Amino acid sequence: LILTLLGIIQGQLQVGFYASTCPDAEAIVTGIVRAAFSSDQTTAPALLRLHFHDCFVQGCEGSIMIDNGKETDEKKAFEHQGVRGFDVIEMAKSQLESACPGVVSCADIVALAARDAIVLAKGPSYEVETGRRDGMVSDAKTAEDMPAVTDSIQKLKHKFLEKGLTEKDLVILSGNYVHHHFFTLTSVGGSGSDPSVNPEFLSELKSMCPQNGDVNVRLPMDRGSGQTFDNQILQNIRGGFAVLQSDSSLYQDGATQSLVDSYFASSGPSFEADFADSIVKLGRTGVLTGAEGTIRAVCKSF
């Protein structure tokens with residue numbers, strides 16, 4: 001009975017999972033993220049986006065890190081264009097393997113790095129549940145269900161619901177960094193410009209992101225607050241300054257519009273507290289624990 005109960009406990013995420021097996025694990029990740037952020041502040045949103053993309057495809061199990069050098073690797077999926085921060089995770093993994101070989105998963109490093117990045121960007125601190133194990137499947141086709149900038153609000157709700165995430169989580173987790181390709185789709189797409197976009201802002205977008213623009217150039221999605229964690233993106237959505245079609249759709253649906261507005265009411269909920277709740281929920285998506293999965297010695301390979 002004791003062994004059975006122990007197996008159940010070990011198969012669950014928990015705060016402080018590495019307290020006895022690798023007590024410096026979180027400190028090591030924090031040090032690597034802080035160093036990366038000090039030289040490039042765009043590291044923060046990049047690591048948050050990496051965490052989101054990892055969790056939304058097959059769950060938070062580090063499969064986005066795998067690089068077999070094949071076009072069929074999940075990392076190469078169209079839906080993951082512009083995702084970066086892989087080098088930061090690999091640096092942390094290297095130090096952790098020196099300190100505690102075969103103990104800390106790549107999936108947990110991604111989750112911890114996202115939290116540390118958010119804090120460095122003046123966002124809320126929260127406790128990260130750890131104990132994830134790494135997946136062993138890398139397939140670009142698995143990324144096809146990622147939320148897309150052209151998705152309707154109904155489709156976005158459905159995709160989030162399939163992951164156990166609510167409309168509130170959809171609104172909260174919409175903040176992200178994108179690249180020129182997505183701007184182009186929103187502002188000068190073949191079907192015409194999004195009528196919800198402020199006309200002056202539309203001209204600005206067109207000048208920055210001409211049709212067939214450089215997909216490798218990145219601009220902040222939360223106009224006016226590119227390097228700091230806040231709810232500016234929701235304010236932009238309310239004012240017609242949403243960069244993405246999928247974001248502007250949040251203000252064209254009764255339920256999600258009410259949620260957006262609630263964060264600007266005098267007695268409304270705390271955006272920071274709700275973000276912390278949502279990101280923790282995201283981190284529980286499709287995790288592998290206990291005897292499932294593996295602990296990869298190098299995140300980019302099995």
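Here the Cβ of each residue, glycine as well, is placed from N, Cα and C on the backbone.
Please treat TrEMBL annotations as automatic predictions, because they have not gone through curation.
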Second cysteine of the disulfide that TrEMBL assigns to Cys22, among Cys55, Cys60, Cys100: Cys100
Recorded disulfide counterpart of Cys60 (TrEMBL; options Cys55, Cys106): Cys55
Record TrEMBL, residue Cys106, disulfide partner from Cys209, Cys299: Cys299
Shell list (Ca(2+) 1; ref centroid = CB of Asp54, Val57, Gly59, Ser63, Glu74; cutoff 8 A): His53, Cys55, Phe56, Gln58, Cys60, Glu61, Gly62, Ile64, Gly135, Thr142, Ala143
For the binding-site residues Asp54, Glu74, the one whose C-beta sees the most other C-beta atoms within 10 angstroms: Asp54
Cβ neighbours within the same chain of Val57 (Ca(2+) 1 binding site) - under 8 Å, at least six residues apart: Ser63, Ile64, Glu74, Ala77, Glu79, Thr142, Ala143, Asp145, Met146
Residue pair Asp54 (Ca(2+) 1 binding site), Cys60 (disulfide bond) - Cα distance, angstrom, rounded: 6
Cα-Cα distance linking His53 (active site, proton acceptor) and Gly59 (Ca(2+) 1 binding site), given in Å to the nearest integer: 9
Distance check against Cys22 (disulfide bond) for the recorded positions Arg49, Cys55, Cys299, keeping those with Cα within 10 Å: none
Those disulfide-bonded residues, out of Cys60, Cys100, Cys106, Cys299, that come within 10 angstroms of His53 (active site, proton acceptor) at the Cα: Cys60
